[in-house]
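Q: Got a structure for you, questions after.
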């Protein structure tokens, strides 16, 4: 297995690799965190601790599927750590004693300035390397905490200042995606002394309704609630927020820990290319186990070698220059689909989708059960390629629109 140096320095702390557990059930106690370290994770954000002790519901999870796939989206109704504060602090102490070279980040959540300041002091005394301020849990809003705080720049700035009074450790502010402009809150966190941003937390959601009982899922004694949604389905949302943060002139160099739908090395590379420097994972671990880090580290190592990068740092943020406003995109040409008839299985998916959801440009030969593109009707949307189950449709002939001057293209 190829292994390159995947170490990265983030907010002044050196991580052996960028892969971390996010604050969640996967890092809830000493035993779980020790196993994660032994498996190869570079850092752990211990499940959020506070003076509030959670009393969890049962059941507390739901998921969303697509056809015959595993779940693509995951709903959880968990709150912060259910163990007493001293028990959590003892776990942090023991982890740092047993794994001094691994990074341990303490996630904290308070109800007021005094609690934020005291929690920061306590986790620094316990040996944590960094602090993550959880301003974004959707399940904690009724306790004057969680994502409601993360929607208020004033509260975020105030609580960041309180944490800085209690500790000298590097501090991250964890952002909620349940907001229109994350940059405004990130700037408030920066003013308050935050050293970086962690984003995104889960998206407020209702995943499913039991059609017979007319109750949201999961059902807790005949009721349900809105709560956090995670997994592969939220990755595009996370990438969008990270790109917007990175392109803000006052946040360009502000460190970001990326979270949201990371399961593979390709996912990891996408977050890095948009500007995240460390990566946090929960739902992928819940679905596949801690050992996914082995494939992610190996795949990322091969990618660095193939691309000629000497270090992980060299690739961070490289894709941002190619994300531009929609009105600035080149609209001078059409790309027609190219169909590999040898790979085509004659399922007709492209024909149906084009006829019912496109521009009726895909024609169907019933005798040979093969599709053909009518370029007189085709607008080059490439819907056909996206629905093809065997990937036999890709980019083909390019035609410049009437009156447009031909020029070099990157497709």
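From the backbone N, Cα and C atoms, a Cβ is placed for every residue, glycine too.
From Swiss-Prot, here are the annotated features:
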- 76, 134, 135, 136, 201, 202: substrate binding site (BINDING)
- 137: active site, nucleophile (ACT_SITE)
- 335-367: domain '4Fe-4S ferredoxin-type 1' (DOMAIN)
- 344, 347, 350, 388: [4Fe-4S] cluster 1 binding site (BINDING)
- 354, 378, 381, 384: [4Fe-4S] cluster 2 binding site (BINDING)
- 369-398: domain '4Fe-4S ferredoxin-type 2' (DOMAIN)
Q: Applying the rule Cβ within 8 Å of the centroid of the Cβ atoms of 354, 378, 381, 384, what extra residues of the same chain belong around the [4Fe-4S] cluster 2 site?
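A: My list of surrounding residues reads 337, 350, 353, 358, 359, 361, 362, 373, 379, 380, 382, 383.
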Q: Which one of these binding-site residues, 76, 134, 136, 201, 202, has the sparsest Cβ neighbourhood, judged by other Cβ atoms within 10 angstroms?
A: 76
Q: How many Å lie between the Cα of residue 202 (substrate binding site) and the Cα of residue 347 ([4Fe-4S] cluster 1 binding site)?
A: 37
Q: Determine which residues of this chain, when 344, 347, 350, 388 are set aside, have a Cβ within 8 Å of the centroid of the [4Fe-4S] cluster 1 site's Cβ atoms, and list them as they appear in the sequence.
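A: Other same-chain residues with Cβ inside the cutoff are 339, 345, 346, 348, 349, 351, 371, 384, 387, 389, 390, 392, 393.
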Q: So how many of the residues in the domain '4Fe-4S ferredoxin-type 1' (335-367) end up helix, strand or coil by DSSP?
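A: Its residues fall into 9 helix, 9 strand, 15 coil.
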Q: Going by DSSP, is residue 384 ([4Fe-4S] cluster 2 binding site) sitting in a helix, a strand, or coil?
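A: The residue in question, residue 384 ([4Fe-4S] cluster 2 binding site), is helix (DSSP, three-state).
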Q: List only the single closest residue to residue 76 (substrate binding site), chosen from the recorded positions 137, 354, 384 by CA-CA distance.
A: 137
Q: Between residue 381 ([4Fe-4S] cluster 2 binding site) and residue 347 ([4Fe-4S] cluster 1 binding site), how many Å separate their Cα atoms?
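A: One finds 20 Å between the Cα atoms of these residues.
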Q: Let me know the most crowded of the binding-site residues, choosing from 347, 381, 384 and counting other Cβ atoms within 10 Å.
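A: Its Cβ has the most other Cβ atoms within 10 Å: 384.
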Q: In Å, how long is the longest CA to CA span across 76, 134, 135, 136, 201, 202, which the record gives as the substrate binders?
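A: The substrate-binding residues span at most 17 Å between Cα atoms.
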